[in-house]
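Visitor: A single structure is presented below for examination.
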């Protein structure tokens, strides 16, 4: 069983000054208000009500932390960080301004942030605000993984085209910066439970969870070269 299944609520913060003063890695989840972010987090953690989505899109303005650790452990191994959903057109101006500063400053400056998962509706990926999130985080050189959510709403052909198009966008972003940065994408469906294990592996790897280390392929032992003087039977 993945340690992600044992994630539990840790803290809610509304200002960067209140972020946990811990050194363990964090994986943040971002996305538009209607991209299925909370549902995806719950599915990845195999829980029904870990992350809550407001009945009114755009109302959640806080950063929610969920600790990941074995049941009897005293200290978290890492955190899942649920960022406020963005892009709700009817949100008040002050709320939008708060989102910009909270989201932008967190993803650009949080040292503990190991990677960013961005949820995008597979039918409408890479909106202007999605691209803004990528561009905020890209200069850090840390990995980004895109979940194309609600993939069940597309036919197989349309889903394949959406995946190829998303890979092209990420390749263009990768070409803009120096160095090798991991920008990956996958199809995801909470309804059909598609892509769950792939996403879990990536998140667990970024958090350096024991299950990720155990899953790493082991190098084959080097084969000994017979000595030319070895005695043949």
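Every residue, even glycine, has its Cβ placed from backbone N, Cα and C.
Okay, so Swiss-Prot annotates it like this:
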type	residues	note
BINDING	31-38, 58-62, 82-85, 149-152, 188-190	GTP binding site
BINDING	38, 60	Mg(2+) binding site
DOMAIN	23-209	domain 'EngB-type G'
Visitor: For the binding-site residues listed here (37, 62, 150), tell me which residue's CB has the most neighbouring CB atoms inside 10 Å.
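Guide: Result for the most crowded candidate: 37.
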Visitor: Using all protein chains in view, find how many other C-beta atoms are within 10 Å of the C-beta of residue 38 (Mg(2+) binding site).
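Guide: Here the count is 22.
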Visitor: In sequence order, which same-chain residues at least six apart have a C-beta under 8 angstroms from residue 188 (GTP binding site)?
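Guide: Sequence-distant Cβ neighbours: 40, 119, 122, 147, 148, 149, 151, 194, 195, 196, 199.
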Visitor: Using a 10 Å cut-off, grab the number of neighbouring Cβ atoms around the Cβ of residue 84 (GTP binding site), all chains included.
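Guide: If we count other Cβ atoms within 10 Å of residue 84 (GTP binding site), we arrive at 25.
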